[in-house]
Every structure is written in structure tokens, then in C-alpha cells.
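One structure, pasted below without further comment.
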């Protein structure tokens, strides 16, 4: 059993933290709907996307680093 591949906890922790970031996810999804109707291709939702993942990362980081110690 010592040769077993270690399991990456980050994905598990991300799934546990996503419910705490519903507002930023909702903002991102609203932006995506607005951009889909834009015919010029000039609009994007990069800011909202990074806001969402920043929220998830802020939740995950302390828990993940506690497991690495």
C-alpha cells in the first residue's frame, strides 16, 4: 500500500468551497449571457471569471496548506 498514488485534495476542497462563492458565480453567469448576445466579439467576462476563482482559491488555500504540513 506504500506505493499507492497520493490523492490530490485540491479538487475535493474546491468542490467544498464552491457553494461559498455563489454570488461571484452568479455574476459570471449573468455576464456570459450578456456576452453571448454581443455580436461584435469585443465583450468578455474575464474579470468575473477570475473573481469567482479568486473566491474559491481564498477558501481552499488555508485548508489545502494545512493538509500539506
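Every residue gets a Cβ built from N, Cα and C, even glycine.
The feature disulfide bond is assigned by TrEMBL to 17-59, 31-45. The domain 'Ubiquinol-cytochrome C reductase hinge' annotation in TrEMBL covers 8-69.
How about a rundown of where these features are and what they're close to?
Residues near residue 31 (disulfide bond) in space but far in sequence (CB under 8 A, at least 6 apart, same chain), listed by position: 45, 48.
Note: the domain 'Ubiquinol-cytochrome C reductase hinge' (8-69) comprises 51 helix, 0 strand, 11 coil (DSSP; helix = H, G, I, strand = E, B).
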In sequence order, which residues at least six apart in the same chain have a CB under 8 Å from the CB of residue 59 (disulfide bond)?
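Spatial neighbours, sequence-distant, of residue 59 (disulfide bond): 13, 17, 20, 21.
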Would you count the other CB atoms within 10 A of the CB of residue 45 (disulfide bond), including those on all shown protein chains?
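19, counting other Cβ atoms within 10 Å of residue 45 (disulfide bond).
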